[in-house]
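Some notes on the structure that comes next.
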Protein chains: 2
Amino acid sequence: MVTERIRYAPLRSCIITPEQAAERIRDGMVVGLSGFTRSGDAKIVPMALVEKVKREQQKLKIDVYTGASLGEVDGLMAEAGIIRKRLPFQADRTMRDKINCGKMLFIDQHLSSVGDLLRSGAMPDVDVAIVEAVAITEEGYIVPSTSVGNNPIFTARAKEVIVELNTAQPLELEGIHDIFILDEQIARGPVPLVDPRQRIGIPAIPVDPDKITGIVVSDIVDTPSSVEEPDEDTRLMAEQLIHFLRGEVRSGRLPEQLMPIQAGVGSTANAVLYGFLDSEFTDLVMYSEVLQDAVFDLIDAGKVRFASASSVTLSKKYMDKLHRNIEAYKKKIILRPQEISNHPELIRRLGLIAINAAVEVDIYGNVNSTHVLGTHMINGIGGSADFARNARLTVFVTKSVAKGGRISTVVPFVTHVDHSEHAVDVIVTEQGIADVRGLAPVERAQLIIDHCSHPDYREELRAYFEEALKRGGHTPHVLEKAFSFHERYASNGTMKP
Amino acid sequence: MVTERIRYAPLRSCIITPEQAAERIRDGMVVGLSGFTRSGDAKIVPMALVEKVKREQQKLKIDVYTGASLGEVDGLMAEAGIIRKRLPFQADRTMRDKINCGKMLFIDQHLSSVGDLLRSGAMPDVDVAIVEAVAITEEGYIVPSTSVGNNPIFTARAKEVIVELNTAQPLELEGIHDIFILDEQIARGPVPLVDPRQRIGIPAIPVDPDKITGIVVSDIVDTPSSVEEPDEDTRLMAEQLIHFLRGEVRSGRLPEQLMPIQAGVGSTANAVLYGFLDSEFTDLVMYSEVLQDAVFDLIDAGKVRFASASSVTLSKKYMDKLHRNIEAYKKKIILRPQEISNHPELIRRLGLIAINAAVEVDIYGNVNSTHVLGTHMINGIGGSADFARNARLTVFVTKSVAKGGRISTVVPFVTHVDHSEHAVDVIVTEQGIADVRGLAPVERAQLIIDHCSHPDYREELRAYFEEALKRGGHTPHVLEKAFSFHERYASNGTMKP
Ligand SMILES: CC(C)(COP(=O)(O)OP(=O)(O)OC[C@H]1O[C@@H](n2cnc3c(N)ncnc32)[C@H](O)[C@@H]1OP(=O)(O)O)[C@@H](O)C(=O)NCCC(=O)NCCS
Ligand SMILES: CC(C)(COP(=O)(O)OP(=O)(O)OC[C@H]1O[C@@H](n2cnc3c(N)ncnc32)[C@H](O)[C@@H]1OP(=O)(O)O)[C@@H](O)C(=O)NCCC(=O)NCCS
């Protein structure tokens, strides 16, 4: 019974239809939607809104703030053209196209920063928050589902809150969350977390129940993730990384159970994580923003003994597995607000090993995580810079070529810098690994070209570096050829000479 | 009497000559020197080392780690060619030249990160630490002078410590320092600081006195700073900034006494700070890494009521003033280790307003703080990214042109990215101000070009942007023209068409 999930009795009379909820969204509003990397996203109300706009041929435009990417609802909203501005992250093909052809504004924002940007008034505040929940507690608090994301800050700041009570999400998720609320920056104390396994908050999101103007019942499941299987290249990358970590342990730079691990979104990071399955490492702890399929296999294999994140993003098979074994997984997983999972304070304190995927890296170690040819947005920076900038060991992984070999992911100069050379410690491709810690730019360039670039491009990269060296400087470049690889790709469809 | 400054009696017999101390530095060693933005630097021992190398025509090469830039000793060491590798910051002409012609390796490193890089073994550890002190306490602890910098971590990690006991530094500096030591990342708690005025540590640097292998008496004063006077342009920049902050207070986005302020090194940041002198703002608090002349005038005028930093870097006149009024200033100033003054944890918690100087900014808000034409190092990133990345409000200031108008500091694409568009909130030039918070790239570009660029370059920037827009993308660019301004400067000596 749905009403059993609404334990604060006065709210039982607040159940409304998705269409009624959609009526509350008006042109020009800022809407905060739950959802983080496809999970726990608001679904039925945005869908009803899209339907309504189509049906009534309305010209409605709203600003949409989320935790991170949503599921299929992102594509539906983008297609319907109802979003004026969106932040902080997306990963949808249709939305990407709208952004790249200038039909939608996108702010590519560090995931940890959204909360403080709202608190400090740096951007317009949230009018309506629409958040998915598995239950409402006795106090009227909201129990989130498969992600926490920005739900606490959205519900705190919104003028009104609409809850999507999702019966397709198991009620047993209750208890997996740990909600810690940051104060205003002028009166804020330390975040007391010193161990990824620690609970520092409460299990539900506190909210004034009077702000909840409607509860919509839903049974739409999370859009499953579609990560690609590990392949020979990702297997080689994982091997490089494990070998490197083994060396770090041997030389006493890392303890045997390593440090807490963060691993990024997408196929590459997920595939690389699989490398730990056959490794000697056990008793690993994760402090990440999202847990993908690989983490569940690592938990099952006894490799990972605890994982903290802001969401679980799973393929269909793994989602079923989670649902079947939820009580067991709950002992090993905590989901937190993204302000906490991605907090610079905690990342530095805990001494994380951060493993994220790069789109391209340059010979000096600058990393592009977001833009194709410097101009076209893929997904966004997400939490990668929260982690990369503050981790103890910052690793970027990428295959040395993309698009069937027509693109070298090691280039003279990245066309967009998301992570500067100052923050990057180790680069891994299927070709090899470059540990650039403690190295000056000219030392780094040699390692990165020799170890990470694809043989098809290595000679040209060397020639660029040689020519640059003749011109001198701390970071030698030949500016008029800095983007020559990209220019060639733009005109010839391949970076190959 | 010098011995009165050595209150731990057993160490009184450890006084050695600078030459004896220099003998302890051997080829291939890693030497940690005290010193932060010219202040409190080790002087007499490095000078003796330089003399010795010259005299004996030795081929000695060492790696030198510091807090930040040193005084004239940096130039002397660079000229003598005794440094193989240097980190994390420098600001000396001779050293810069050596770095840029490849005769010296330089690692341009975030100032907050050096400590954890050492703890985690990411770079070779310190063999000998040479630190300036005003006294040794009863326990044998070291009382630093005009900077704290990396002294605590260097003395903790070094195999041996040499103290430069500087009698030219007033003993009354004792009590101004607050030394808080971070644990290993695996066992580290929160840093308990919640207010810039708070003391969380002890007044001296704890060290095992047995590690102190020599005390060298010195009376060489800090190299005075040589900041340029405010001019019409910096006056206009200050005016823009004050006007902006006033608006923020009016609209409730900042409290009346603002948030704690950080201001960067160099002439520009110092000059812009002077703007507060004639403003309505009072009761300001600073949480910065270095306090330059302007801060002392602001304290005297009752505008700044407290200032926390890692060093004071003053011109001759202001140094004298500090010495004369030291007891009064001590009530209003705390000097901390740079791991604490620049800690991401504290910068985020305290909600800083960070004001740093840029070398160039691009139309999308990416900032270059370090490289001329993308290749030649000026000083280094210093603490600018520690602050910029985690502050509540991140401001960059720069004159719209450099080198007598031949260089536009607003360019289509910065030639080196130290601060990505994700971290930059406000850009100020003498032409105007661009508040890019909450704006997508194409919105930012219009503001930055219209408000910040110099009229001599504005039309060409607009033309670039228009052409880029036609090509599309989230961040439109014309890659083959991205560095056209710089290429023109390189060939014609001016960016003007
Ligand atoms: C970088 C990132 C896009 C890689 O994603 P992935 O799923 O591991 O990798 P893929 O190989 O599928 O790459 C994604 C797309 O980018 C393309 N791509 C990758 N490198 C490219 C390059 N150098 N130039 C052009 N396109 C490139 C791929 O071809 C693929 O395109 P397709 O979808 O049309 O096939 C992804 O990790 C990301 O969005 N990162 C930023 C956010 C982040 O790191 N968050 C981490 C904190 S959890
Ligand atoms: C950016 C920075 C160099 C500006 O310094 P400054 O003293 O305020 O400014 P100046 O105008 O004197 O500029 C310094 C030099 O750079 C040159 N310069 C400035 N902009 C330039 C540009 N776009 N292209 C080429 N040269 C440029 C100046 O001409 C000057 O050269 P000179 O010494 O040969 O005359 C300085 O702030 C810095 O090193 N910042 C990085 C570290 C930092 O921000 N730390 C802050 C935390 S405290």
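The backbone N, Cα and C atoms fix where each Cβ goes, glycine too.
Around the Cβ of B:Glu289 (active site, 5-glutamyl coenzyme A thioester intermediate), the same chain contributes B:Phe36, B:Thr37, B:Ala68, B:Leu111, B:Gln262, B:Ala309, B:Ser310, B:Ser311, B:Gln338, B:Ser341, B:Asn342, B:Gly382, B:Gly383, B:Asp386, B:Phe387, each under 8 angstroms and 6 or more positions distant in sequence. Taken residue by residue with DSSP, B:Glu289 (active site, 5-glutamyl coenzyme A thioester intermediate) is part of neither helix nor strand, so it is coil. Per TrEMBL, active site, 5-glutamyl coenzyme A thioester intermediate is recorded for B:Glu289.
The annotation CoA binding site is assigned in TrEMBL to B:Asn379, B:Gly383, B:Lys403. Taking all protein chains in view, 12 other C-beta atoms sit within 10 angstroms of the C-beta of B:Lys403 (CoA binding site).
The domain 'Acetyl-CoA hydrolase/transferase N-terminal' annotation in TrEMBL covers B:8-216.
Residues or ranges marked as domain 'Acetyl-CoA hydrolase/transferase C-terminal' in TrEMBL: B:321-464.
Secondary structure of the domain 'Acetyl-CoA hydrolase/transferase C-terminal' (B:321-464) per DSSP, as helix, strand and coil residue counts: 55 helix, 38 strand, 51 coil.
The maximal spread of the CoA binding site, taken as the longest Cα to Cα distance among B:Asn379, B:Gly383, B:Lys403, is 25 Å. Ranking the binding-site residues B:Asn379, B:Gly383 by other CB atoms within 10 A of the CB puts B:Asn379 at the bottom. In this model, the domain 'Acetyl-CoA hydrolase/transferase C-terminal' (B:321-464) carries an average pLDDT of 98.
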